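**Student:** Residues annotated as repeat 'PPR' in TrEMBL: 5-39, 137-171, 208-242, 270-304, 346-376, 377-411.
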Amino acid sequence: MPTRNTFTWNSIVSTLLKLGFLDEAVRLFEAIPQPDQCSWNIMVAGFAQHDELQQALGYFAGMHKETFVDNEYSFGSGLSAFAGLKDLKMGTQLHALVFKCHYYVHVCMGSALVDMYSKCGVVDCALKVFDAMKERNIVSWNSLITCYEQNGPARKALDVLVRMMESSFKPDEVTLASVVSACATLEALKHGMEIHTHVVKSYKLRGDLILGNALVDMYAKCGKISEARRVFDRIPVRNVVSETSMLSGYAKVASFKYAKLIFTKMMERNVVSWNALIAGYTQNDENEEALKLFCMLKRESIFPTHYTFGNLLNACANLADLQVGRQAHAHALKHGFGFQFNEDQDTFVRNSLIDMYMKCASVEEGRQVFRSMVEKDVVSWNAMIVGCAQNGNGLEALALFKEMLVFEEKPDHVTMIGVLCACSHAGLVEEGRR
């Protein structure tokens, strides 16, 4: 057998990683007599592509210990891993190193930085990197469009598409899928249909599952179920995303016969599928059915998310069933919600708890949840202000409103409705006029 050189070893390791044989790739990598920088880059990129991000970062750190000089490939692989982990601190440090080594001028590096900031939810930094790029490619444009589609404001995704086309770039399937998803968020049916027409004319829908799924979701969210079904039926090979989008569309318009039919026939059901049907029931005042479905979810050992508990608590609030609401609260605590392990998800669940307790006339329990919150948003304040007003505690509602202003939380129309309701209950006509 001929002697293998490092290039040959690298080729075999790369092939194993592409095929998903990660353990075999590790064993072979460890057998390479003298792995070079390319060997390490292959390992970082391979594990990042399979979403094995901690392992990818492990190899990235190992490469640095070998004192190799970083290049655009190692930086790109590292940024990909930090983006996947949403590790903004490490991603920012790597950005500084990229700048120091003058690799920021590379189009691939700029695109990777936009993607990293996008996945970390830092839209302003993503835009700054994009605007500073002297050269852009389709990946750069797609990264910024996806940034706005996923982080908002979704309207900006459509604006970037216009800029992109004015710069003589033609949208590809990734572009179109992101823009269609933005239209779904905005419920911008007209724009979505225009893009669909372009897709049909350019034959881009044939076999493209992601784009097909985006169109189904867009029509479903815009309430155009017949159109969603037509696109759904034309997707050659559907997956759980296609089926969940169609299920969610049926549930949204209270077509529960068809929603349950899709749900029962799904080859694979994940928690998003369960959440879609539970949400459909609560949004259409079928609260008892929502509670039954949650019990089924528990029996099938599906791990509920913050969104599951939000909908469950909404059902309890709609029924004004304090006993079941307390049980739901206990379930949420059991699954970790309420311990600040994830700030955004924790706030979402606690807001739902406040709303539930207030609608069940248990003001003290609602107050306890509110006061225990480390982070409060406008929804938290609104739930308390409206809840106190509706339960006849007008003066407390007004005191909360003043406290909200002290904390520099900007009121919205829901806040003002709660304040006016509080003034009415407290007989403070002049206060309400002010």
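Here the Cβ of each residue, glycine as well, is placed from N, Cα and C on the backbone.
Because TrEMBL annotations are produced automatically, they should be read as predictions rather than curated entries.
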**Student:** Averaged across the repeat 'PPR' (5-39), what pLDDT does the model get? Just tell me the whole number, please.
**Tutor:** 89
**Student:** Within the same chain, where does the repeat 'PPR' (208-242) have neighbours whose Cβ lies under 8 angstroms from its own Cβ atoms, ignoring anything closer than 6 residues to its ends? I mean 6 or more beyond.
**Tutor:** 173-174, 176-178, 180-181, 183-185, 187-189, 192, 196, 199, 248-250, 252-253, 255, 266-270, 272-273
**Student:** Using a Cβ cut-off of under 8 Å, list the residues of the same chain at least 6 residues beyond the repeat 'PPR' (5-39) that approach it.
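**Tutor:** Same-chain residues near the repeat 'PPR' (5-39) but 6 or more away: 45-47, 49-50, 52, 55, 63, 66, 68-69, 71, 73-74.
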**Student:** Kindly report the helix/strand/coil residue split of the repeat 'PPR' (137-171) according to DSSP, in that order.
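**Tutor:** Per-class counts: 27 helix, 0 strand, 8 coil.
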**Student:** Determine which residues of the chain contact the repeat 'PPR' (137-171) at the Cβ level, with the cut-off under 8 Å and only residues 6 or more beyond its ends counted.
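**Tutor:** Hits for the repeat 'PPR' (137-171): 107-108, 110-111, 114-115, 117-118, 121, 123, 126-127, 130, 178-179, 181-183, 185-186, 188, 191.
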**Student:** Quickly jot the same-chain residues contacting the repeat 'PPR' (346-376) by Cβ under 8 Å, restricted to those at least six beyond its ends, or write none.
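**Tutor:** 306-307, 309-310, 313-314, 316-318, 320-322, 325, 328-329, 332, 337-340, 383-384, 386-388, 390-391, 393, 407, 409.
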**Student:** With DSSP helix as H/G/I and strand as E/B, how many residues of the repeat 'PPR' (346-376) fall in helix, strand and coil?
**Tutor:** 24 helix, 0 strand, 7 coil
